[in-house]
Structure formats: structure tokens, C-alpha cells
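These features come from TrEMBL:
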{"type": "COMPBIAS", "residues": "497-508", "note": "compositional bias 'Polar residues'"}
{"type": "DOMAIN", "residues": "26-461", "note": "domain 'Major facilitator superfamily (MFS) profile'"}
{"type": "REGION", "residues": "489-516", "note": "region 'Disordered'"}
{"type": "TRANSMEM", "residues": "21-39", "note": "transmembrane segment"}
{"type": "TRANSMEM", "residues": "74-95", "note": "transmembrane segment"}
{"type": "TRANSMEM", "residues": "107-128", "note": "transmembrane segment"}
{"type": "TRANSMEM", "residues": "134-155", "note": "transmembrane segment"}
{"type": "TRANSMEM", "residues": "167-184", "note": "transmembrane segment"}
{"type": "TRANSMEM", "residues": "190-210", "note": "transmembrane segment"}
{"type": "TRANSMEM", "residues": "275-296", "note": "transmembrane segment"}
{"type": "TRANSMEM", "residues": "311-333", "note": "transmembrane segment"}
{"type": "TRANSMEM", "residues": "340-362", "note": "transmembrane segment"}
{"type": "TRANSMEM", "residues": "368-395", "note": "transmembrane segment"}
{"type": "TRANSMEM", "residues": "407-428", "note": "transmembrane segment"}
{"type": "TRANSMEM", "residues": "434-457", "note": "transmembrane segment"}
């Protein structure tokens, strides 16, 4: 990953300076955040047999009889899907946290949840309590829900627009790395909780030495001096007057940096289609079927006719393919753009889901079809990771102004985790009812998402917020001029107070001269 990012830095160095601080901030933030999300998605898959055995033994020790198969299946489904309930809680509470503590401090404080979850899960077997394992999964979900909103927000605010997409893909890349490591480390033992603590510790040690988001410092804390220093650190240059002026210009156009609520965001006509697009992309991100593959990979490969002893190694190949595809997407996103990767990714998934359905249906008649099924699964994973796997997080950060961004990430996170929970809980029953045709449901979802994006999503590559808003203005039936007037009349008093505060904050000779 570091090699790929370094290569990208060399390729793009002519247009933008990738500073060491920018790379370290993105890698450190992702390792303690999205990495843990990916890890906890897959870590329960490889040792599933041992976890079920632990549940059954605990039940028999308590009640004197073995757990019936239906109860065990339900308890296992709850264990897998309860992670998403914690994620939903984290997505809901993230808005006030990032407002009060800032983006960087939120990522740091979030490690408390990771460590608490690690302790609970590591002690569950010693205590003979599967409830501790389930509670640990919930708390780990809270950690993931917060981090999957705070991390993309932080990365989008520290990165120049020329590499915003590439840096945003770090979130997706480390989800993939987390999935792969969960598969590897989940093989020899039931719980990989020590590794969770290590990932959290690395973030706690390194991240405090990096600056807060300069946009947060400038627009919400009105601290121009710290904002300039943050820009200088992340961009690796002394003269950041242009970057400061761009942020201030955005503030003047919008005339409001007061944090808006989710309800206010949903009522704002000027961002109506942006919100709908975020809901669609996040919904398709979870409902397109990839998490079903991660949660139940072993069962899918078993149905495909793969030998049980071979399944763990085949499963490792899925994580490796996902990581390589995500890295490749990060390398080309600023060249190809968001639209082709998103729509193309969903399109390829439709094709391979259809082929996988045919292959699974006829595999008993043709000896080589199980290998085609494996290929289709790997191709679906790669198709997902080249676009749908990371770009939804990038778009959420690009569509909205500073005051709307936390509420937008709350909406995105809520849709994300509700969809995640639905897939984890319902897929075993869908698979049982539809058998080999279950993946046609996901193909239909991919088709609906690709169709919507084809007609609605504009290209956001290298565009400012105002340019993106202009692309949506006609569909929202509001002009930018009218949008400015509405902001001015609705928030005149708030804007006047903020302008006064900002004037006071910059009223020192050096800073004032730099801005001029």
C-alpha cells in the first residue's frame, strides 16, 4: 500500500505536493478506523465453527442440554448483524462529537470503544459468556460507526481538491486490508482482540502529533493561525494564502458556518438531490451483496462444491483481490473520475452476479463450474472495490458545505448501517428461500443504483463545492444566486456574529497581512 501510494505521489507530483504529513495522517487515521471496520466484518467468518461450538458448550453447561439448530442459527445471525446496530448508534452520535471535539480528536477518543470491545471479547471465553462477545461486537460497531463518518470527513478537509478522490480512497483501501487481516488472523483462534488493541494504540501514539482539520479550525473555531499552520503541514509549503482564501470564499458565498441539523439538511432544497444521491450510493454500497459474501463466504464456497479443507485459503484470496482492486482504484480515480468507476463497478457486478447464479444452479451437472463460481466471486469483489467500495464516502465529503457535512455524514451513516444490519440478518433466510437465485436480488439492486447514477450523478473530479452545487442546481430547481440570498436572509444575524468573531480572530498584523 505504501509503495502504491508513493508511486501515485511520483506520478502526481507535477500537479500537487504530497507531503509526508498528509500521507501519515491518512494512513494513521485509516489504520485505527476503517481498518478495524473491515477487520470486524470478516473476523467472525473463518472461526465461525469454533464460535458456534463455544455457544453450544456454554448453553449446555448452563442449561444441561444442547442448543437446537434453529436457535444456534439465530444466535449466530445476531452475533454477525449486531455489529451494525452499534454502527448505527455511532453514526447517530458522531455529529455533536465532531462539532465539539473536532475531527482528529474524535478519531482519538473513539479508540476507547475499540479497547473496551477488545477487553470484553477477549474475556468472554474465560468467563464462559457469549453475551460478552455479543456486547463487545456492539461496542466495536459504535467505534466503526463513528470512524466511518469522522475519517472521511477528516480526509476530505485536509486534502487539496486535486487529490481529494485518491486520498478519500484510503478509507476503502484500509477496509479491504482489515478484511484480509481478519481472514488471516481469524484462522488459528476464535478472537483477534489483541490486534484490535494494537491498531488503536498505533493511532493513539501517532495522530496527536498531526494537526486538526484546517477547514474545521478556520470555519468553525475561527482560529486562522492554527488553520494556516495546519495547511502548511499538510501541503508541505509556506505560502498557503491561496488555500485560506478559497476556504474563506466558500464561507462568504454560503454566508453560514453554523452547524445544521439533519432535519434542516433534509429541508434544504439546494442540496435535495445531493442527499438523495448519498442515500442511494450508501444504500447500494451495503445492499449490492458484497457484505453477504464476506459474512457467509465459507458457506458460499461450500455450496460451490469447494473442499472444506481448501475453503480458508480460497477465502484469503478474496481479501487479497479486494485490497489490490481498492489500491488500483485509488491510483486511477483522479484520472478516470468518480462516475465511470461507480457506474462501471455496478455494471460489472450485474454481469458476474448473473453468471454466478447460472454457475451455482448448474454446478452439479458440470465438473468445472465450481471454479467458475470462485472466479465470479473474486470478480464481483474486484468490481465492487474499483468504485462502489470507496467512492460513496468521497462523494459525501464533496457534496456539502462545512456546516452541512456532519449532518450529511449522519444521514449516510444511518443508511449505511441500517442496510448493513438488514443484509447480515436477512441473507441466511434469503439464501435458504431462493437457493442459487439469491444473488439475482443483489444484481437488481446494482442495476437500479447504476441507472440512477447514470442519469443523476455529475462528475466531481477536481471541482470545487460551488462547481458541484452548480451541477445540481438545475435538478434542485434553485439557482446559486437564490441559494445565497436564502442563506443571507435566514442566517443574517448568525452571519453577522460569526463575521465579527472572525474579524477579531484575524486582527493581528501577521495573519491579516497574509490573508490580504
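In case you wondered, yes, glycine gets a Cβ from its N, Cα and C as well.
Counted over residue pairs separated by six or more positions, the transmembrane segment (311-333) shares at least 3 Cβ pairs under 8 angstroms with the transmembrane segment (368-395), which defines the two as touching. Proximity of distant same-chain residues to the transmembrane segment (340-362), defined by a Cβ-Cβ separation under 8 Å and at least 6 residues beyond the stretch ends, is recorded for 281, 284, 288-289, 303-304, 329, 332-333, 369-370, 372-373, 376-377, 379-380, 383-389, 391, 436-437, 439-440, 442-443, 446-447, 449-450, 453-454, 457.
Within the model, the domain 'Major facilitator superfamily (MFS) profile' (26-461) shows a mean pLDDT value of 84, rounded to a whole number. Taking every listed stretch (107-128, 134-155, 167-184, 434-457) in turn, the largest tally of C-beta pairs under 8 A with the transmembrane segment (21-39) is reached by 167-184.
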